[in-house]
Amino acid sequence: MLIGIAFWVLAVIAVATGLAVFVVNSMARATYALAVSFIAVGVQILLLQQNYLGLITILMMVMEMAVMAVYMVMFMGMNPALMPMDMTHGKKTAIATSVGVFVLLAGGALLIPWPQRRGSPPADLTHALGLEIMGEKMLVMAVVGAVMVATIVAGVVLASHRTRYDRFGDDLRHRRVNDAQPGGGKQ
Amino acid sequence: MTDSGLVTVSAGWAVVAGAILCSLAVFAIALDTGLTARAQGARGGWTTIAGRFARLLRQRRRTTVAADTMLWRAGGVGMFIGAFFMVAVIPLGQWTLADLDVGVVWLNTIDVLVWALVWLTGWGANSTYSLIGGYRFLAHGLAYELPLMFALVAPAIAAGSLNVGAVAAAQDDDLWFVVWMPVAFLIYLIGVMGFSVWGPFAAAVATDITGGAGTELSAVDRLVFHAGRYLFLAAGAAFSVPLFLGGGAGPWLPDWTWVLIKTLAVLAVLVWSRRKIPLMRPDRFMTIGWTLLLPAIVVQDLVVSVLVVWKG
């Protein structure tokens, strides 16, 4: 009963704040409306007794939204991010796509013959879920994780305008860093 | 949820846990004020706490033009209540409020919320210095958070569990984790100062930008935001006890006393160190965090993992 109420309250919060993302006129509000939506989803996952996955979802999404605030200033030129603005663009395509996807997913969820539960849930749900999703590919997944990090680092190095050789000299021996802007930002 | 030998007390005891956390925060404030007074050649100083508290409570709230009040208040209130959630999974001796199977991740999740809360406080005021403060915090966060996460990994690997009680229990009749993972302990403390916006990591609220994220805060808003910083400092110190300092282990006294004694000791060191370590400029600390702390903690995790596998 209590879990049922919690589920519905969280579901309403998740959907309402998700809608708010497109209604509000401030990028900060949109960002954190999305964060609240994700937190509600994270708590839903906690209701499924997937404690680890639920907390990690909240952790990652909040951090992601905070980093989004950094990007807001970094990449948005003359900081329109700091002004009131419309949060939507490409409206017709976006509405058509989202209605289509919603009908597909909701129709699928309603029409599919859901299987009856066989047996009982295992003691450690997160462990079982991990095995179910990855199984014997766990090693591949672990390697892919490292490759992804290496790709991100390489991407940043390639994209960056100035390298450590610009900052510390050709022999990397300059004690004083040669930066136009403290922290090695662009000139 | 997991079998860690802990007694989960009823939710009513949350009031006691909250009172203990508040007392710890008041201790931190008193110690800091006392040390400041002594540094200025005065005596006492800690008697002014009640006065400052009362002044902020009865002060009239001021606001700025076009402030985003909702986000602004959310930041301050969140800072105040965050630490209370954090201590819910810390065992006091054998009692705990919530014997969560992933308590270490719980700590991590709440400390990441501080990223959002400080930035929101800085943003909401619609004031330049305030916003700069918010961004300074994010810059610090980008540098301390990953080392902190890897520092939390070390005790969890050694104990083979993310349950805080199990981590504490793994140090019974054995070396405390602080002894054989000192780098992780040190970086954990750096992380605590980071998410408490304290000492070397107080650049976000520093005087050179007239109080940064807290510039425009007044009255009760100012009170909850800055009280929240002390509460987080206290909660972080309390969390170091089960993670690294053997939980309630100690001679003669009952285990809950030892948890409090160790917490007070760590908290005192954190407060004292504020005037010993210079303020870290976010841009400089970015280099330290990514080129020094992160490799150091990864090596520490490797050493811990190898030792755990080797011991079987």
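The backbone N, Cα and C atoms fix where each Cβ goes, and this holds for glycine too.
Among the features that TrEMBL reports, transmembrane segment is placed at B:12-31 (among others).
Per TrEMBL, transmembrane segment is recorded for B:70-92 (among others).
Panel annotation: around the transmembrane segment (B:104-125), residues 64, 67-76, 78-79, 82-83, 85-86, 88-89, 131-135, 137-138, 141, 145, 148-149, 152, 155-156, 162-164, 167, 191, 195, 197, 204, 212-217, 225, 228, 232, 236, 239, 243 of the same chain, lying at least six beyond its termini, place a Cβ under 8 Å from a Cβ of the stretch. Annotated transmembrane segment per TrEMBL: B:104-125 (among others), in sequence order.
Sequence annotations record features per position, and here TrEMBL assigns transmembrane segment to B:146-169 (among others). Nonlocal intrachain contacts for the transmembrane segment (B:146-169), taken as residues 6+ away from its ends with a CB within less than 8 angstroms of a stretch CB, comprise 1-2, 4-6, 89-91, 96, 99-105, 107-108, 111, 177, 181, 183-185, 187-188, 190-191, 194-195, 239, 241-244, 246-248, 289-290, 293-294, 296-298, 300-301, 304-305, 307-308.
Per TrEMBL, transmembrane segment is recorded for B:175-198 (among others). Below 8 angstroms of C-beta separation, residues 111, 114, 118, 137, 140-141, 144-145, 147-148, 150-152, 154-155, 158, 167, 204-205, 213, 229-230, 232-233, 236-237, 239-240, 243-246, 249, 266, 269-270, 273-274, 293, 296-297, 299-301, 303-304, 307 of the same chain, each at least six residues beyond the ends of the transmembrane segment (B:175-198), sit close to that stretch.
As annotated by TrEMBL, transmembrane segment applies to B:230-250 (among others).
Marked as transmembrane segment by TrEMBL: B:256-273 (among others).
Within the same chain, residues 139-140, 142-144, 146-147, 150-151, 153-154, 157-158, 160, 180-181, 183-184, 187, 190, 200-201 sit at least 6 positions outside the transmembrane segment (B:285-310) and bring their C-beta atoms closer than 8 Å to a C-beta of that stretch. According to TrEMBL, the feature transmembrane segment maps to B:285-310 (among others).
Distant neighbours of the transmembrane segment (B:12-31): 46, 49, 83-84, 87-88, 92, 95, 97, 227, 230-231, 233-235, 237-238, 260, 263-264, 267-268, 270-272; these residues of the same chain sit at least 6 beyond its ends, with a Cβ under 8 Å from one of its Cβ atoms.
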